[in-house]
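Going by TrEMBL, these are the annotated features:
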type	residues	note
BINDING	CYS82, CYS87, HIS164, HIS169	Zn(2+) binding site
Amino acid sequence: MSHALKQVFNKDKTFRPKRKFEPGTQRFELHKKAQASLNAGLDLKVAVQLPPGEEQNDWVAVHVVDFFNRINLIYGTISDYCTEQSCPIMSGGPKYEYRWQDEHKYRKPTALSAPQYMNLLMDWIEVQINNEDIFPTNVGTPFPKNFLPVVKKILSRLFRVFVHVYIHHFDRITQMGSEAHVNTCYKHFYYFVKEFNLIDTKELEPLVSVWVGSRD
């Protein structure tokens, strides 16, 4: 990890407070297992696979929270440069514009600036992962039927953060010497969503060229 990124970690400059797992819980143990695989330098294709004997929904839930924390951190590193002036539209280059829609204020897809979109996105994800009816934390409490549809929506929207950062702010990531960390995080995310079929291939198209350039 670069010195610049370590400074960011030390300052805890996340866009939102990190969601943590309670020690002693099954989810905490799974989180430790996932981190141990990454720290051991395992092939990411292997690291994302469901460990023997574990429930897939638990494994997915742990990774959704982890990706939220890590992508939140990545966006936090460039958020000072992602402004209403620099990014008046939430986009990934000229081909891709992302509009916000929710069940409250924005019932129809609405064009927003990137910082507005990011604020709404992180708020919305926090609500989902803190909702015990969707992400139960007690052992034995079953996951709801809508768990995977909610997860797919969370991950597809988090992917848009990668798109925006790579296409509009990667020069800043490079200046910080953090590109290796961001590339690894993206690869981990990519392999995970492909392993469990959590994002449609068509949605991944904006970063196909980036992925080809950073897969080795």
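From the backbone N, Cα and C atoms, a Cβ is placed for every residue, glycine too.
Sequence-distant neighbours of HIS169 (Zn(2+) binding site): residues of the same chain at least 6 apart with a C-beta under 8 Å from its C-beta are ILE78, TYR81, CYS82. The Cβ of HIS164 (Zn(2+) binding site) has CYS82, CYS87, MET90, SER91, GLY92, TYR98, ALA114 as same-chain neighbours under 8 Å, each 6 or more residues away in sequence. Other residues of the same chain near the Zn(2+) site, with their Cβ within 8 Å of the Cβ centroid of CYS82, CYS87, HIS164, HIS169, are ILE78, TYR81, SER86, ALA114, PRO115, VAL165, HIS168.
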